[in-house]
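What TrEMBL says about this one:
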- 1-11: compositional bias 'Polar residues' (COMPBIAS)
- 1-29: region 'Disordered' (REGION)
- 31-454: domain 'Aldehyde dehydrogenase' (DOMAIN)
- 236: active site (ACT_SITE)
- 270: active site (ACT_SITE)
Ligand code: NAD
């Protein structure tokens, strides 16, 4: 496994296990830690609400005390500004921690539900119980937020967590590993750094839940590995998220919001608008507004990276550069391989059949396609797998509702893009190829909880209705009671 920061990598000696509830692969380097987390969970220590709140406060304090280290690490990985790091990584995380601290007690309470006459005089309730040892596998694009946010939800719900960070933002991964591994007992919360090899080894072991954020192809690998143990998964994946711009929208406001959402984090955002579908009648006006807005924030002559990010690595830079069809460039298209810089790029007159429309772009290239008929545009969107997000910009209620009703997607926004994920009252997740399950706020707590359903009866009274001998009268009574 990688040792991003020398002493922070979790090194575990292989051990043999004889308990079938524990891990079984003798040579697996993570057997011991996974067994320890299972044992720890079985002590019930994580079920105490006060204990859980304490852990979340500890994470919050660690983040606060080490913000400058995190800013520096993120800058070294992406050349991302402090402002953007705070806004897109830390602010949302602090909010989620605070929300969980405030609500753990309420969310973990038993909930009474009605019982029905057939079970009179019983009572029924649901107990949200922690699932057990959790594996969280993170992506590279928001390496603090997308690793610690699910970890916080899992801990809040009372589970021990093993977090596997992405190997690509090596500096940030090393800081997270150091902060967590130096301050938490590894039975409760531990970070493993590494890539395919480490993840493959982890996937051989038994977890009570796997929470994965990343690409569709790797999501399939995770799902298959989890199936061997019937381990439930949450898969937070990607896809081609469209933004539909109708002629009746406010162009300037729409473009302002769209440009921010597309080019923040250098376009490396899972819910960034992947492509634009604009009504033909306003295409020229829209393109012009795009140009003005982009040039305002990202002058194409300037590669100083105050407000604009690098591409994460050369492999991704090369992949993205190949997607820029020079005949289609309306704006931008300037690249610098050494600096892994791609200027915000707009492509026009693109069709659904072109290469750039086949896979998620995940970079600062925005193809613009025009349409004359919304039904046709919707049909085209539906030829692709269900996207993680969809955005509709229009003042017309019927148009908005048509898109919301007819297109299936994870979540989205009307007259805005990306910002839906900042509202923790909205469960965040995909559908179909863009993912399974959701999190954020209460949805996150529920994702890491099992809803244990209980019916409780007193000893005092037991009607004979369900017992033989059966009779016509009993039959009629049971019909009346149950139906
Ligand atoms: P990725 O799938 O390449 O990697 C994700 C994780 O899987 C990393 O920790 C990596 O080490 C591990 N991994 C990679 N290959 C593996 C393999 N063969 N076997 C086992 N593990 C493996 O994804 P990424 O490049 O880090 O992130 C980009 C993708 O993630 C995009 O598709 C994006 O849309 C998606 N994403 C989704 C969300 C969301 O919330 N839905 C958020 C961010 C990114």
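Each Cβ is built from the backbone N, Cα and C atoms, and glycine gets one as well.
Automatic, uncurated: that is what TrEMBL annotation is.
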Pairwise Cα distance for residue 270 (active site)/residue 236 (active site) [Å, integer]: 9
Active-site residues (236, 270), the one with most neighbouring Cβ atoms at 10 Å: 270
Whole-number mean of pLDDT values that fall within the domain 'Aldehyde dehydrogenase' (31-454): 96
